[in-house]
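Feature annotation from Swiss-Prot assigns compositional bias 'Basic residues' to 32-45, 139-160, 206-229. Marked as compositional bias 'Low complexity' by Swiss-Prot: 125-138, 161-177, 185-205. Per Swiss-Prot, the feature domain 'H15' maps to 50-119. Sequence annotations record features per position, and here Swiss-Prot assigns region 'Disordered' to 1-52, 125-229.
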Amino acid sequence: MADTPVSAPVVPEVTERKSKRGTKAAAVKVPKEKKKVIAAKKPKSKGTSSHPSFFEMISDAISTLKERTGSSQYAINKFVEDKHKQLPSNFRKLLLFHLKKLVASGKLVKVKNSFKLPSARAAPAPALAKKPTIPKPKVAAKPKTAKIGAKPKAKAKVAAKTKATTKTVAKKIPAAKPKAKTAGKPKTVAAKPAKVAKTAAVASPGKKKAVPVKKVKTVKSPAGKRTRK
């Protein structure tokens with residue numbers, strides 16, 4: 001009987017310890033997630049800059065200094081530092097990097113150890129060259145009418161070819177017929193007039209001899225009577 005009450009209270013103590021360990025593990029996991037969220041938000045606040053872009057600062061320095069041969073890196077650096085005081089600690093390195101980048105892109109011109117802005121005359125020239133390129137495709141539609149007008153020439157050529165072919169065919173067809181049929185006819189026709197000419201020649205001299213004898217008698221008889229009277 002004495003053994004039963006000793007074994008009963010041991011079971012609830014083990015369950016309480018397990019529950020305490022579970023709550024501690026849950027409490028430790030919560031702050032780790034919060035730290036990750038805070039670390040992601042911090043870089044956004046650092047990205048804002050209080051000064052304009054490097055191209056604006058450099059172009060402003062070159063235009064205000066107005067040097068004939070261009071402004072050196074030292075002069076640009078000094079001008080920007082005097083005007084903009086909230087600059088990063090590595091401003092000089094960044095300035096050199098951006099100067100090289102702008103020269104490579106064509107926004108700046110490097111002359112020996114100085115930098116200049118591109119000439120104002122060279123900038124509008126490409127703009128003027130681009131404007132005429134836009135209307136050219138529209139004008140290109142006009143030659144289409146010329147091409148359409150050129151089509152009748154091709155038709156005329158085809159018609160000329162067809163006429164030439166028809167003429168050649170027409171010439172070939174009659175050339176074959178007269179060779180067989182007309183070869184014998186001209187001979188017979190030519191032979192008949194020869195006979196007629198001979199008969200006419202034979203008959204004509206007999207008539208000519210009889211006619212003048214009669215005319216002489218009739219003409220002379222009245223003339224002799226009148227003279228005698």
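We number each residue from 1, going along the chain as drawn.
Glycine residues also receive a Cβ, built from the backbone N, Cα and C atoms like all the rest.
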Problem - Counts of helix, strand and coil residues, the domain 'H15' (50-119), according to DSSP - result: 38 helix, 8 strand, 24 coil
Handout entry: Within the predicted model, mean pLDDT of the domain 'H15' (50-119)
Key = 87
